[in-house]
Amino acid sequence: MPPAAHTPPQNMAFTPQGAPLRRRTAPGSASRLSASFSLNPADSDMSLSDMSINLMSPSKGRAAFLSEQGHMGMAQVSPRIRSPLTRAGPSRPPPGSEPRPTTRSRSRFAGDETTEADEDEEDEDDRWGMIDSMRVWRNDAIIHHLYETAMFWGDKILSWTGDSTDAFWVAQAYFLTGHYLQAERLLTDPRPPPRQRGDKGKAKAPEDDDDQGLLRRLIDDHLACRSLAAQCLIAQEKYHEALELIGESNPFREVGATSRPGTDGVKLHSAMCHTRGILHLRLSSLERAKECFIEALIIDVKNYDAFRELVEGQMMSATEEWEFINNLAYRQQLANEEADFVRFMYISKLRKDAHVSEIAAARKQLVETYQLDDNCDVLVGLAEELFARYKWEDCYVVTSKILARMPGHPGALPLHLACMHHIPRLHSSLFMLAHDLVQQEPQAASTWYAVGLWYFSGKRWTEARRFFSKANLIDSRFAPAWITFAHAFAWEGEHDQAITAYSTAARLFPGSHLTLLSIGQEHLQLSQSALAEEYFRAAAAIHSSDPLLLNELGVAAYNRDDFSAAIDFFERAIAGAGEMQGSAAEWAATHCNLGHALRVQRRYTEARAAYAACIRLDPTNSTAYASQAMLSQLEGDVRTAIRLYHSALSLSPQDPVATILLEMALLEQVEAHDPTTLPGLPAAIARTDLDPFSVPKGNAAFGPLPVEADPATLDEAGESVDLSLSAGSTIGTLAGGGASTSRARGYSISTTANASYRTQRYPDTTFNESSAMDIEED
Amino acid sequence: MPSPSPAAKVQMAHDLRSTIRELKDRGLLVAAKWANELLLALPKEHRTAPYLPFSPPQHQVGLSTPPRAPRPSVAASEFMPSPPRFDMEVFPTNAEAGPSRARTRHGIELEEEDDVLDEDEFQLAKSYFDIHELDRVVHTLKNARGSRARFLKYYAAFLSADRKAQESLHHFLDTKQERLALFPALSTILADIGDDTEPYLMYLRGMVHMRLEQRDEAIACFVRSIRDRPYNWSCWSQLAQLVDSADKFIELKEQLPSSPMLTFFAIAVMLDLHTATDLVMTMISELQETFPNSVHLKAQKALVYYHMRDFQTAEKEFDEVQAADPFRMEEVDIYSNMLYVMDKRAKLGKLAHEYAEIDRNRPEVCCLIGNYYSSRADHTKAITYFRRALMFNREYLTAWTLMGHEFVELKNSHAAIEAYRKAIDINAKDYRAWYGLGQAYEILDMPMYAIEYYNQATSLRPYDCRMWTALATVYEGLGRLSDAIAAHTRALLGADRQQTPQILTKLANLHTTLDASRGRASAEGTGYHRKLLALGAKDGREVEELAASYIAVAEWEMRAGSASGDWALAATYLEKVAQSNALQRDKAEELIRELRMREARA
């Protein structure tokens with residue numbers, strides 16, 4: 001590809017392809033350096049690390065493409081071509097001719113370099129040899145974290161050459177050691193012309209001197225320097241200045257997308273977009289930050305930093321995210337296999353509340369095709385999925401595995417902590433872990449999140465909030481701490497404050513429907529159903545299939561008396577929960593809600609089934625019992641209703657509704673029933689026209705009735721009726737004495753008659769009358 | 001039911017022995033104790049007789065084992081000696097044909113292969129179990145595969161969950177907290193056991209279902225377990241707790257193998273349902289022929305007498321039980337209840353001291369001591385002891401009810417209500433708890449609730465005078481006289497000689513009041529007065545006591561007019577009253593004067 005194709009016509013300051021002018025003038029390595037800088041010197045990070053791999057295992061086949069890349073990046077930045085050290089492996093071309101054999105892999109530069117090769121040869125002399133080897137010292141020192149060394153020798157080189165590349169490396173060393181101001185100064189101060197030692201001045205582009213005069217800033221010439229300067233400013237929290245430096249938006253937008261698959265590392269433009277996004281984030285303009293990250297990812301799909309900000313920072317809604325990540329230009333930018341791999345990797349890290357099966361399939365691919373079954377990031381994907389299904393125990397197992405391999409894994413740790421919060425038996429371990437984290441990583445947001453969570457588990461809301469806000473001070477983009485901070489208010493019953501806190505979280509994480517959902521829930525708690533529903537709708541716009549959200553929508557619909565809509569929502573929620581294959585017990589309340597809606601619609605049978613489902617899932621749900629009781633009462637089965645109200649009240653004795661309903665039911669029962677209509681009474685005793693003197697006593701199931709009292713008593717009393725009647729009718733005006741004697745006689749006869757009757761009926765029963773007579777119950 | 005043949009008894013002894021070993025292995029100590037007692041209750045000649053399994057007993061007692069489900073085939077079976085299980089499955093009826101088969105059939109001599117494999121782990125776990133390191137048992141056996149080891153594991157988990165749930169309670173009457181603490185753990189255990197049909201695991205499943213208040217599932221599990229292992233008394237007694245009506249019992253009886261154990265069960269159920277009768281007595285006597293040395297049966301007999309309110313005989317029986325086995329503590333709580341009711345304080349005190357000496361850490365003994373303190377009106381101390389009893393056994397019905405009574409004594413109705421509710425949660429058949437609840441609500445002046453609970457009590461004890469009287473009183477308080485009358489009428493059915501006249505008086509008065517409100521004379525009221533008079537005459541009561549009835553009847557006869565009214569009778573009655581020292585003498589004399597005047601006019 002001819003260089004002209006992607007070389008902007010002019011511009012020294014923001015040339016994506018590098019300054020052809022300088023390239024022409026700069027000799028040898030310097031020219032190649034500047035080219036690489038202007039093209040994509042952000043490689044420097046990448047290539048450094050790659051280089052170190054390369055150094056340690058120069059001939060490992062597996063790292064072949066890595067070494068290729070590292071080699072390439074390093075070759076671009078380092079002046080090693082001159083050095084006798086050919087550590088980069090056997091494939092490394094001989095010094096001087098370095099670019100040429102690799103032209104196939106770096107066709108993009110090939111044109112440039114071949115044109116410059118002649119010049120390289122011309123300007124070669126022995127002093128270059130010394131500077132070049134010092135450059136090697138410098139770069140090796142950086143690799144080996146000997147920053148002082150790097151700065152020391154780099155400074156000397158810079159003094160000699162005044163070259164922008166050398167300045168860049170010194171600034172890099174400053175940056176890495178945290179001397180941000182120095183780095184910034186070096187990059188932004190107008191540089192005096194280099195002290196020329198001999199004809200070293202030739203190293204500087206004569207055109208620069210001629211055209212721009214002596215005072216030129218590095219950042220004006222080199223994009224990489226500009227980027228580094230911006231990083232320095234960010235590190236010093238001078239965000240506005242940084243943004244000024246780097247520009248509010250990408251000036252290379254129209255050319256940024258041009259690239260070919262599989263040829264290069266991570267693009268500087270993409271990195272700069274990412275930096276810009278970070279700046280916008282810091283300056284709280286989230287929309288622009290999001291645009292920047294999106295742009296960064298479009299320019300280079302490999303830019304995981306941008307991906308992470310977008311996805312883990314929940315800047316996009318679930319659907320938006322899904323669409324965007326799926327439609328990135330993998331194929332255009334990467335080779336086939338790489339494209340697939342990157343795509344699967346990204347998909348596996350997407351939010352787990354929709355497209356669960358696709359995500360699981362992507363993870364399966366990663367495990368099976370790419371043998372990444374032990375990779376922490378892939379495992380985090382699994383853990384997230386389990387967490388989204390409320391499978392705390394399983395998730396905990398996975399996160400424990402990840403953390404054992406990689407302590408403090410940023411993806412796994414918050415999940416791990418959340419699981420520990422959800423499993424009561426692990427609360428002590430949570431305490432221990434928080435303790436350890438405070439000792440090991442007092443500067444990490446997740447550490448203080450862990451501490452806050454420990455207090456949260458113990459329902460000590462104030463302390464919990466203190467530590468959550470500490471976590472947020474450390475990292476304002478740490479979503480879990482924001483949400484739990486708000487949760488702490490909500491749990492404490494401080495609904496207004498909770499709403500404020502959730503709103504903050506919602507502003508910071510616009511892609512999260514959970515915050516909106518929570519705001520809605522708080523409004524519901526405050527009986528502002530209409531307002532709540534608006535929030536639920538907003539949440540539904542982000543993620544409409546969340547069962548929890550559907551449940552809340554159902555509640556809102558129920559509150560405005562739209563019961564059929566409510567039923568619809570609840571049913572969808574339950575169906576959605578079923579698809580999640582998570583623990584079904586979490587959805588007991590939804591079943592109960594469904595029951596309520598059905599009950600209001602007079603669909604009693606279905607309502608009963610819904611309540612039964614609720615009780616099956618959660619046997620401690622008193623509302624479900626009370627509602628079942630209501631159904632029974634509505635259907636006229638007061639006795640069952642009373643029994644069920646009792647079940648409800650035994651679970652929550654203070655429930656005012658159930659108490660009132662029970663009293664109503666009891667009253668109804670007393671009105672409607674008399675003591676004879678009890679279930680369980682023997683038929684004989686339940687007769688309304690019962691004559692106690694003619695009841696054949698006994699329960700057929702068990703034989704004769706238990707005799708506690710003297711049964712003859714009744715018979716005796718019963719007999720007297722007939723007797724007195726007969727006395728009245730027959731004896732007439734007889735004197736009292738005669739009547740009493742005849743009564744006595746009549747009595748004795750009738751008793752025997754009755755006794756024989758008894759013996760006929762219960763042949764094997766013998767009554768112990770006398771003993772029963774004596775008993776006095778307390 | 002005829003007494004089993006000698007051969008069947010030998011078989012029974014053998015089965016008992018093997019079951020005892022299985023129970024002991026599984027930590028089911030109460031059941032093992034019971035089975036061992038039963039074994040010793042067999043006559044010695046049957047116990048010592050050689051067991052000849054190849055001569056099949058004529059009467060197979062209670063071991064109609066259904067063919068076992070095929071064991072899951074494991075790798076172990078390839079190198080372990082395999083029991084002849086094929087034969088068993090194909091020819092279950094011929095199972096006794098050879099010694100080895102008979103052994104496998106009862107599953108002891110030849111343990112399951114898996115059990116043999118993890119024998120060492122199992123023994124270790126058993127040691128932990130014996131010293132109550134329950135979680136350690138679970139941990140040790142986490143990979144166990146043998147049914148015996150798995151049972152021990154789940155059983156330990158069950159006990160541990162139960163203990164933790166109780167310890168997590170802030171207040172010991174907090175039902176909701178208890179459920180919240182217990183249910184998740186139990187659901188996990190249930191899920192872990194799965195669909196295993198091994199008899200002891202079935203029993204454990206039943207227990208878990210029971211704690212989860214899934215009664216039907218629990219019953220199904222217990223029945224299946226019993227069919228395989230009929231000598232597991234714990235299983236029977238848990239099942240007995242679940243029988244809530246006579247109909248349920250009859251239904252269950254169909255499903256269970258007929259055996260002496262079923263009779264034991266029937267006795268327990270009938271005692272529980274308060275339907276103790278002479279039929280039960282007959283059953284006990286029959287069993288005593290088979291198990292002549294059984295102290296358990298003796299105690300059951302005492303219980304039956306107690307339930308029949310034959311307290312004297314019951315006391316005699318209890319004393320005999322104590323003489324036969326002075327260290328037996330099982331029914332001593334009921335004995336103490338009875339002594340309390342009989343107001344035999346001295347004997348109660350003696351008993352309390354004797355048993356406190358033996359072991360204060362038995363719920364029954366705690367209950368006895370609680371009763372003792374209650375009899376001395378030291379209610380706070382009594383409650384302490386009932387609570388102590390409940391610490392040892394939270395499902396201990398008697399203690400809950402008695403504690404409720406004590407709270408009533410202390411005028412703490414709310415605590416009483418909680419205690420009674422607990423008792424009802426454990427066993428809804430406990431009429432005393434229902435009655436107590438009714439009383440407590442009556443004290444709280446909540447008549448609707450009182451009616452509901454008295455209603456429950458009456459439906460459990462349809463012939464119990466006290467329940468109906470209490471119910472009638474509440475209705476009376478509400479001014480619902482006809483309902484009160486209906487209730488009193490039913491109270492009459494179970495009333496004794498002291499109660500009957502009182503109830504009759506009430507009925508007479510109620511009818512009179514009711515009719516008076518309707519502006520007419522009361523025929524029914526007079527009828528009851530007549531009955532009162534008849535009864536009074538029979539019992540030989542003084543005229544003074546019956547004066548009101550005499551006058552009422554006389555007034556009725558006078559009102560009816562000379563044609564239909566029996567003025568002569570009226571005159572007789574009035575004379576009687578007038579000649580007595582009754583309060584109504586003046587009124588009687590006045591009425592006599594009126595009667596004379598009317599006679600003169602007529």
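In case you wondered, yes, glycine gets a Cβ from its N, Cα and C as well.
These features come from TrEMBL:
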type	residues	note
REGION	A:1-45	region 'Disordered'
COMPBIAS	A:31-45	compositional bias 'Polar residues'
REGION	A:81-126	region 'Disordered'
COMPBIAS	A:113-126	compositional bias 'Acidic residues'
REGION	A:186-211	region 'Disordered'
COMPBIAS	A:196-206	compositional bias 'Basic and acidic residues'
REPEAT	A:479-512	repeat 'TPR'
REPEAT	A:588-621	repeat 'TPR'
REPEAT	A:622-655	repeat 'TPR'
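Here the repeat 'TPR' (A:588-621) has long-range neighbours at 547, 551, 554-555, 558, 563-564, 566-567, 570-571, 573-574, 577, 627-628, 630-631, 634-635, 651, meaning same-chain residues at least 6 beyond its ends whose C-beta is under 8 angstroms from one of its own. Under DSSP, residues within the repeat 'TPR' (A:479-512) fall into helix, strand and coil as 28 helix, 0 strand, 6 coil. Mean pLDDT for the repeat 'TPR' (A:588-621) in this predicted model: 87. The DSSP breakdown of the repeat 'TPR' (A:588-621) into helical (H, G, I), extended (E, B) and coil residues amounts to 27 helix, 0 strand, 7 coil. Residue counts for the repeat 'TPR' (A:622-655) under DSSP (helix as H, G, I; strand as E, B; rest coil) come to 27 helix, 0 strand, 7 coil.
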